[in-house]
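A.B. asks: So TrEMBL has the following annotated:
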- 1-12: compositional bias 'Basic and acidic residues' (COMPBIAS)
- 47-112: domain 'RING-CH-type' (DOMAIN)
- 55-106: domain 'RING-type' (DOMAIN)
- 1-42: region 'Disordered' (REGION)
- 134-155: transmembrane segment (TRANSMEM)
- 180-200: transmembrane segment (TRANSMEM)
- 236-262: transmembrane segment (TRANSMEM)
Amino acid sequence: MLEPQRMNREAGGEPPTAETAPLLLHPPQPEPSPAARGSPEISDEEVEAASAACCRICLESETDPGDELISPCMCKGTQQFVHRSCLDHWRSVKEGSAFSHCTTCKARFHLRVVFMEDDLCRRLKFRLFVARDVFLVFLAIQAAIGAIGFMAYLLDKDGKFRNSFTDDWDRFLSKHPLPFYYCVGVVVFFVLVGFFGLMVHCSSFNNADPCLAGCRNCCYGWGILDCLPASMEACFAFVVIFVIIFAILGIAYGFFAATVAIQRIWQRHYHILAKMELTKAS
């Protein structure tokens, strides 16, 4: 290929550009910029991330029709994608701002309200959830009463305290100790509720009020015990009066606490039901 180049020079012609550099068959191209060189790698990473995307809640990559993976916020990496149904369930049961904002990046969701018809199944599920929580609270109270009754049984293994009561049902208490110790557990439970309820009630008042100084003093008023007779009958009568008063207070405070607890349970499940309807979660 060098020979044609020499002949052209002898003829006085101007050699073409390709002939002056016969080993460079193509003209030199400009070197690509670093951004241009990195673009194929970035696209490959994006493709790989898209192919390996999984839900950040259930950690599954499979999608059902109508339940695709979405990226609802500014999170990146493994926190970027989530199933629509998983996100709706999370928004419906999570307290705070999780209904309208991402709990990780705090970005606001773009919401669209869809009005749904009244669903009998949802209302029935709501009532079942309320009944379940109330039943669990009832079981917890019964467990506490049973524990107190069992402790009373351990303290009265020989049955002297149980047999000290006379009844007209052919010694019903001595033959059936289980109802007796259960009743003891109920009485002690309400006495404790009344005692601690009275303490909480007194401590909730204004500390600067001088009229309540005696109520906050644990030893205030106990000097009256010095005036009581030292006989066992008088002490027993005083203990009975003490138990009756605090048991009545315990019933009152227990009724109030049960009302507040049922109201809180009702409100909690009602808010969850409302959010589930807004998010169309099942």
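Counting starts with 1 at the first residue shown.
Here the Cβ of each residue, glycine as well, is placed from N, Cα and C on the backbone.
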A.B. asks: Mind checking how the domain 'RING-type' (55-106) divides into helix, strand and coil residues in DSSP?
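C.D. replies: Counting residues per DSSP class in the domain 'RING-type' (55-106), I get 17 helix, 7 strand, 28 coil.
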A.B. asks: Below 8 angstroms Cβ to Cβ, which residues of this chain, lying six or more residues outside the transmembrane segment (180-200), approach it?
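C.D. replies: Same-chain contacts beyond the ends: 141, 144-150, 152-153, 156, 162, 165, 173, 243, 245-254, 257.
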